[in-house]
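What follows is one structure encoded as structure tokens, with my remarks underneath.
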Amino acid sequence: MTSDIAMQLIAILEKTVSPDKNELLSAKNFLEQAAASNLPEFLKALSEILVNTANSAVARMAAGLQLKNHLTSKDEKVSQQYQDRWHQFPSEIRELIKNNILAALGTENTRPSCAAQCVAYVAVIELPINRWPMLIQTLVNKVVSEGSSEMHRESALEAIGYICQDIRFGVMENQSNDVLTAIIHGMRKVEPSNHVRLAATTALHNSLEFTKSNFEKDMERNFIMEVVCEATQCQDSQICVAALQCLVKIMTLYYQYMEPYMAQALFPITLAAMKSDNDAVALQGIEFWSNVCDEEIDLAIESQEATDQGRAPQRVSKHYARGALQFLTPVLVEKLTKQDECDDEDTWSPAKAASVCLMVLATCCEDEIVPHVLPFIKENIESPNWRFRDAAVMTFGSVLNGLETNTLKPLVEQAMPTLIRLMYDSSVIVRDTIAWTFGRICDIIPEAAINETYLQTLLECFVKSLKSEPRVAANVCWAFIGLSDAAWEAAVTNDGETPETYALSPYFEYIITQLLETTDRSDGAQANLRCAAYQALMDMIKNSPLDCYLVVQRTTLVILERLNQVMQMETQINNHSDRHQFNDLQSLLCATLQSVLRKVHEQDAPQISDAIMTALLTMFNSSAGKSGVVQEEAFLAVSTLVELLGAQFAKYMPAFKDFLVMGLKNFQEYQVCCAAVGLTGDIFRALKDLMVPYSNEIMTVLINNLTEPTIHRTVKPQVLSAFGDIALSIGNHFLPYLSMVLDMLRVASNLQTDANNFDMNEYINELRESILEAYTGIIQGLKGVDQTAHTDVMHMEPHLMHIISFIKRIAQEGDVSDSMLASAAGFIGDLCTSFGPRLYPLLDDAIITQFLAEGKRSKAQRTKMLCTWAVKEIKKINTQVITQ
């Protein structure tokens, strides 16, 4: 790079912090053009500016930032593209950039180090493929060498921290000891620089997943714990907080090793942190004990599972939370009294953290928590100080989830009159907390909420509170959801039929009217009130008994009228905020429409279906219909209507088909695409061969979706399931697509699970279940409904060996879900009825026999039934083989 070009680039970089918008835009455009014209040379030039200490701090920082932004992205796909691009650079340019950014470490006078970030992001690309082998040792040397400057130690530790944060697990395994040596060296209390200690402590936090082998060795673990505990006592609050964060993470990762340190170090350190007036310190102290509780809740579940299976648990709880309970609860309830009147709902505070900690403590310690919190609640629930009233109510609401019903019910019933009275408290914060507590009561101990002694009084205060401040009204809406669920559960019988009446029937119409009014409040956007009110409305409708049906019908018409009114408002939208609210409202109305339609009686559906489809088609046709959220909810509303109308939906297909295809093609918004695919299956099942005229276009789009490389993987299982629905519905009309679909199913069925990739395994299992559903639909569709299988099913015979091998592979890999087992068993039964004795040699296999035997022992009724049926069908064809 010539000096003139370098000077020009430096000048441009310095303009990236200019207050002048024109200069900023000009600089942005120049840098984008430079990157587009020759990216390797551009990044090399940036690295040369970064390494040159004669350049201004602004230019160097901007160069580092530009360099970093061309190496990584928050979007995983883009980040992968950047990594692939880096590998294609000429090796001499890659090496020069690496040398420059490494040489720049410790030479900056700004924090954090841009060079450290650049080094880390190149390392994340290169270390997994064994390039830049000396990097880690070089960074370690910069930290531990006696002559190393403060800036060198700090920036090297920052680089190590960034690498540990982003590198793929396992890559650093052979160098974890060296990394840990450097980190612990930088954390020691003899280190004179707090900047270095902070960078080291942050790096430790990022590297803890890699230190498993070190924590397994007593001496190494003792040394690590000593250094971390020392760091928690540092006068620099940032170091103290970072060290506490390490303890929080250590407790989660290495719980089983913590017993030697708990009484003497961890307990006193974290209790003192909880009591701190520094919010950041207090939050970490509280977080530590929340994590302890989470861990011990999981261990209790594991222990119960082990007992049920007649084996010893792999890990056991040390019951630290129970042991600390009497010391923790006074600190936590005291933190609850420190809430700020102007607290932003999104700001995490010690008071909010204390509430969460009390919840998990109650879950962990159950009834043992009661004597430690009840005196505080009784003493303060009617305190003249609103903070103490609120803390008492918050404590009460927070511990409900862990208590046994026998303990909980009398406590709640005794508290009900006071709680109802507090719904009219002068403090909005107290009323908000009370409304939240009632929501929890309705959810956790519903029988207390619908107790006729208090029900009418409770409903009166709920309805009045719907007119309160948005935050209070929103919590009341969530309480209505719990109340609605409680009333329904109390009334519904074992057969699952809709009950004739329930506890809320006398008040139902009034509640619905008030909720509809709440959805229309001008301040409905605050505290998510409008959404909460519509959710409550949907839940009330969903859980309505037969004697409330007239109100449901009227509500359907109200929602339909609102949908039409809202669409007429579209011309009045002036800005992005209005558009966002408009789309949200349409999506809520579509969701509510689904809820009311599910309760509409089948014979009443044709009377309203024209009006509903007209409204939905108008919406699809409007610009709002292009919004992903609106499209998704609208497709789900159509799906509910299809379920109601059955084959009568056919008259809407000519007008609706193009919008359905538009949704199927919208794979960029995968939720919309999934909703459209699900709806496609629903329509085919309802209309059967009436869908044949549309099959070609729809199948073409679905097949294209499966071959589209950028489509979100969530869509693929849905498409495969849809193939099954389509094949089942149109029978031999599916034959033109059979070969291509079977090829796709074969490719999908060959995907292998990976023991180290939980997410991928979850996806593969979902895919496999969809494959089984597709095969089942195809077999049933081609077989026909007659007792004797139609000859069309013989098109599947060449594929039977692969299909049975696929089922055997599922069986051999183990850990099969009940739903997968049921799908496989049902499919095996269908194969038997379709192919008879000729199938027996493929099914006469110990793997299949064992697989179905396991299913017969399942606790899930459907799985048990289908596996039993499949075994009978196999025996039947075996008998036929013997008698032939």
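Cβ from N, Cα, C; glycine included.
Noted in Swiss-Prot for the protein shown:
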type   : residues : note
REPEAT : 135-166  : repeat 'HEAT 4'
REPEAT : 176-208  : repeat 'HEAT 5'
REPEAT : 259-308  : repeat 'HEAT 7'
REPEAT : 320-366  : repeat 'HEAT 8'
REGION : 335-348  : region 'IAB'
REGION : 340-425  : region 'Ran-GTP binding'
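Same-chain residues lying 6+ beyond the ends of the region 'IAB' (335-348) with a Cβ under 8 Å from its Cβ atoms: 274, 282-283, 286, 354-355, 387-388, 390-391, 394-395, 429, 471, 527.
In terms of DSSP helix, strand and coil, the repeat 'HEAT 4' (135-166) has 27 helix, 0 strand, 5 coil. Summarised by DSSP class, the composition of the repeat 'HEAT 8' (320-366) is 34 helix, 0 strand, 13 coil. With helix defined as DSSP H, G or I and strand as E or B, the repeat 'HEAT 7' (259-308) counts 47 helix, 0 strand, 3 coil.
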